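So that you can see what the record holds, here are the features copied from TrEMBL:
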DOMAIN    4-172  domain 'FeoB-type G'
TRANSMEM  221-246  transmembrane segment
TRANSMEM  252-273  transmembrane segment
TRANSMEM  280-305  transmembrane segment
TRANSMEM  325-347  transmembrane segment
TRANSMEM  359-387  transmembrane segment
TRANSMEM  399-419  transmembrane segment
TRANSMEM  457-476  transmembrane segment
TRANSMEM  564-583  transmembrane segment
TRANSMEM  595-616  transmembrane segment
Amino acid sequence: MNPAPLVALVGNPNAGKSALFNALTGARQKVGNYPGVTVERHSGRMALPDGRPVELVDLPGAYSLDPSSPDEQVTRDVVTGTQTGERLPDAIVVVVDAANLDNHLRFTLQLVALGLPVVVALNMIDLAERDGLTLDPNVLAQELGVPVLPTVAVRRRGLDALKEALATVLQQGPAHPIRPSDHPVAEDIVTLQRRARALSEKATVSETAVRRWTHRLDAVALHPVFGTLLLLAILFVMFQAVFAWSQAPIDWIQGGMDALGGAVSAALPPGFIRSLLVDGLIAGVGAVVVFLPQILILFAFILTLEASGYMVRAAFLMDRLMASVGLSGRAFIPLLSSFACAVPGIMATRTIDDEKDRLTTILIAPLMTCSARLPVYSIMIGAFIPARDVLPGVGLQGLVLFSLYVAGIIGAFFAALILRKTVTKGASSGFLMEMPKYQWPHPKDLLLGLWQRALIFLKRAGTIIASTTIVLWLLLSFPKPPIGSTVSPVDYSIAGRIGHGIEKVVAPIGFNRDISLALLPAMSAREVAVAAIGTVYAIDNPDQPAGERNLIQNLRTHWTLPTALAFLMWFVFAPQCISTIAITRRETNGWKWPAFMVGYLFALAYIAAGATYWIAVAIGL
Ligand SMILES: Nc1nc2c(ncn2[C@@H]2O[C@H](COP(=O)(O)OP(=O)(O)OP(=O)(O)O)[C@@H](O)[C@H]2O)c(=O)[nH]1
Ligand SMILES: [Mg+2]
């Protein structure tokens, strides 16, 4: 007896082949392996309307007959009859996503040209309809010369008609005898794309303007090459803007703070209270508050990208990249939120089902540069990186800031890669997300979002940062050196002595006394590092009038460039934040993972800062 005819399900990734396969075969499935490769072979039985059995195989998704992965190779080899362990199919069902017709038709055209009996399943017709796209399957059938049946695999819609058409084409057999490895004349990709687009336009009965625009924008935004370039360009402009647009408002705030310090100095007699207010509170909190404009610019970009519907596209675009380091595409949104702050980012990992995926994402979230690091980066860049253009319109300062963000991302990817091979080993899962429609962000929502960010930032400055600064001021001010002593008041203080202890550990990576003093208070919030250094100089030079206590000037005189660069690298990696550690403990139910996270991040920060310092020294910076 002849074996049952073999029918292969072929199509682009995510067209719904497996959904259709499950709907057609039900429980009658077998999973095997193709010999020599690690690609699984899914097969199952189904019955045609007249009761005859058919063996169905679900092939891996592919974009074309030119394979770029083992999966795609299996698909190509099966449909050309050259795959070992598989006979040439008697017919193929090409599954296409109706909402993505022009892209999917490209592969369809190649498959039809093979000459095997073909039926096209115009799948996901429900989603196309929802988006305002109406297609005519008959036009498509006429143009392609094969039956085209609308289906909704997940609702089992259109399956009977599909089986009917399959029975007919099986009956008719191939258009001409097919020999294994019979290759159609390869059409170049551009011609193919043009034909596919023309075909999809012809088959489109009506399309709402919104869908047409969405589709056109997505053709660029989701393109593997152009989309990635677009994303990089957007991020690049964002970091340039943080510096380029913020100078004037920063100067106003700075001026206001200086005036406030001057007024308080003039109003109070010298002594404890004046020093606490001027050197402690105003110098410390003021050093942080000046970064409000930069933080607002950063958030204006993030909020706009989110509200416009672009953010999910970026996540989709990143999915392949994320998969290459063993992360799920779902990790993109938590990681992106971590650019604002790792705490909401880590909370957002709850949307990741797989436990190992989720844990990996939590462990690398602190490597995304949060907004609290911006003041630290900004002051160091302002002090040590000249404000000149490397190219017309491309400032060096913005470029350095961009590279610091990139350094964190690269660090995170390497960390994920290593973690996935060791402590969080396991399979990773796929990703699918609904694309929201593009829209202009509402200025009112945007302003509201910015207002909330400003309040959060100022509240932090008024509470955590102010209180840490005051404690630090106390520790830096007492005990006072005896009259006539040449030791600096800072070195003589309690904080100075603790700082000297820390300095022993961090001196090998080029850190100075100021950094050693700042590291411990910065655990409460990273911005405090800036506030702490501001307070250190205020106490160290009590004779400088407030207006001249420019932190940037002090940094330039007291720090070397290699030390500044090492300090920047430290902040790219170091887990300088109690809240992040606390949320990790809560989300992982124990101390094991936060301890691991803190350990590996401090080690990474130490090595990166040390390497930066010694390389900078060696090349004579
Ligand atoms: N709304 C809707 N969703 C569908 C339809 N068919 C499939 N899906 C969904 O689309 C997603 C992708 O479907 P799969 O069947 O895994 O796609 P595939 O073609 O096997 O993908 P690969 O194996 O990666 O090439 C799944 O989440 C399905 O539930 C459909 O007709 N309508
Ligand atoms: Mg599949």
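Each Cβ is built from the backbone N, Cα and C atoms, and glycine gets one as well.
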| For the transmembrane segment (399-419) against the transmembrane segment (325-347), do we get 3 or more Cβ-Cβ pairs below 8 Å once near-sequence pairs (under 6 apart) are dropped? | yes
| request: Verify whether three or more Cβ pairs under 8 angstroms connect the transmembrane segment (595-616) with the transmembrane segment (280-305), leaving out any pair fewer than 6 apart in sequence. | output: no
| note | Counting Cβ pairs closer than 8 Å to the transmembrane segment (595-616), the top stretch among 221-246, 359-387, 457-476 is 359-387
| said: If we skip the immediate neighbours and take only residues 6+ beyond the ends of the transmembrane segment (221-246), which ones have a Cβ under 8 Å from one of its Cβ atoms? | reply: 293-294, 297-298, 301, 305, 310, 313-314, 316-317, 320, 374, 378, 381, 387, 394-395, 397-399, 401-402, 405
